[in-house]
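Here the structure comes first, spelled out in structure tokens, and everything after it is commentary.
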Amino acid sequence: MPPPTASHAMQTPASSKSQDDGVYPLPLSEPLASLRQSLDLDGSLEDPGTPSAATGTVNPIHAVLTQPGAWRRRWTIVSLCFVAFMLCNMDRVNMSIAILPMAEQYGWSSMTTGLVQSSFFWGYLLTQVAGGVWADKYGGKLVLGLGVLWWSLATALTPVAAHMGLPALLLARACMGVGEGVAMPAMNTLLSRWVPVAERSRSLALVYSGMYTGSVLGLAATPHLIHTVGWPTVFYAFGLLGVVWAVVWRARAASSPGQDPFISDAEREFISGGVAEQASGREDRVAGIPWRRLLSERSVWALIVCHFCHNWGTFILLTWMPSYYNQVLGLDLRASGFFSVLPWITMAISANIGGWLADTLIARGVSVTTVRKVMQTIGFLGPAFFLTQLGRVHTVRGAVACMMASQGLDAFSQSGLYSNHADIGPRYAGVLLGLSNTAGVLAGVLGTAATGAILQSTGSWDQVWGVAVGLYLIGTVVWNLASTGERVFD
């Protein structure tokens, strides 16, 4: 989908040299000197400040590192992906609040509530691998754009489906999951093309922090909208935001620097020198997927198993946290929504701290394998410890503190598990994420439904947390035994 002609007036064309590249503008970015070193760890690049021996001209990387004022095209792609993931979780978590007045209005039991919550994952499960294949084959721009538009329309239709009856509502939520299912594989494919290795952890952490920001905004706005104008308005308003995003995405995005008419020559060359896939001279789009080889590598199975273990606990907290505050701590709708926001704020901050820390360690010579293992171990053992403490606290302050610590440490996974797909196979990053996230979604389906069943049969939240902790421990062992940060697939 080429951008409209009108957008050319709003951005510098590719032929212009005024938009030279620069350092990724995150608040926690490394000093300029550290980035220079990280770009030349293997000695493969000339000194940016010295003329080339072959041509007598200054290396283009010099322009990249010495002009801090201009906006870079890859920042546009990362920023739009951030907003897409923010909308993704806004549309997902609104149901965790809206389910309370909906259940009261329609007379749903805990089992039915769990069924409604889990129906999203039925569709989400279907498009994980397919989304990765489509993104690698047709480009991340098309797949992500259509995905956001699809799930936004399904979100807007949720109130209509609810009034039609439970089967229609389950179908609408499943259709929403179909759209959101392509988001992560498509984004991973996009960033594997657009973001150099030296910026990968921070870029992925920033994009994934969009999900946490979306959770914050969704959990904060939903109770207010429900109180003032009713729960159906939540779905109408959130769905409209996604349609607006899709229009902007069509005009501004590209699947890769090679397909972007607006990028400067200097930035394109800088990215091609830092992205293994483009530096190797391969095509941006994959003709065929070597399924047998992918599934024969233990590092791929480490991703699959650990994604399942990670998402079981994460999705329980995502969908059931407001209900926990309401049922166990006796908080009303507004208070449940407010206190549910705090752990997601912690995650948004921690994800970016973890990304900066991971990139800093890699730039200083620590192996990628070591960094990924350390980050993911924190992402498993931290939540495991604090979830075990929930049964021992009986105050709102103590419960919220445990939730915040659990989710904050969980966010280090963005620099472990979630950054590893592009490490081991940048050419198949979308497919690899689709494979592992399929297992993660299966954990969401089973975990969300199992939580409803456990609560209805026993009423014990300790049993809910106990299952999650056990899976976190299994994931820690598997990850440290089988994962690697080295490139496995050409």
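A Cβ is built for glycine as well, from the same backbone N, Cα and C atoms used for every other residue.
As recorded in TrEMBL, the features of this protein are as follows:
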- 8-17: compositional bias 'Polar residues' (COMPBIAS)
- 77-487: domain 'Major facilitator superfamily (MFS) profile' (DOMAIN)
- 1-28: region 'Disordered' (REGION)
- 77-103: transmembrane segment (TRANSMEM)
- 115-135: transmembrane segment (TRANSMEM)
- 142-162: transmembrane segment (TRANSMEM)
- 168-191: transmembrane segment (TRANSMEM)
- 203-223: transmembrane segment (TRANSMEM)
- 229-249: transmembrane segment (TRANSMEM)
- 300-321: transmembrane segment (TRANSMEM)
- 341-363: transmembrane segment (TRANSMEM)
- 428-451: transmembrane segment (TRANSMEM)
- 463-482: transmembrane segment (TRANSMEM)
Statement: If one takes Cβ-Cβ under 8 Å and requires six or more residues beyond its ends, the residues near the transmembrane segment (77-103) are 112-113, 116-117, 120, 144, 148, 151-152, 155, 158, 162, 173, 176, 180, 183, 187, 190-191, 194-195, 203, 206-215, 217-219, 221-223, 226, 231, 234-235, 238-239, 241-242, 245, 248-249, 252-254, 318-323, 326, 333, 336-337, 340
Message: So, taking each listed stretch (115-135, 142-162, 203-223) in turn and counting its Cβ pairs to the transmembrane segment (428-451) that are under 8 angstroms, which one gives the highest count?
response: 115-135
- request: Could you check if the transmembrane segment (115-135) is in contact with the transmembrane segment (168-191), meaning 3+ Cβ pairs under 8 Å among residue pairs at least 6 apart in sequence?
  value: yes
- line: Long-range CB partners for the transmembrane segment (168-191) (under 8 A, at least six residues beyond its ends), listed in sequence order, are 77-78, 81, 84-85, 88, 91-92, 95, 115-116, 119-132, 134-136, 139-141, 143-144, 146-152, 154-155, 157-158, 160-162, 200, 203-204, 207, 255-256, 421-422, 429-434, 437, 441
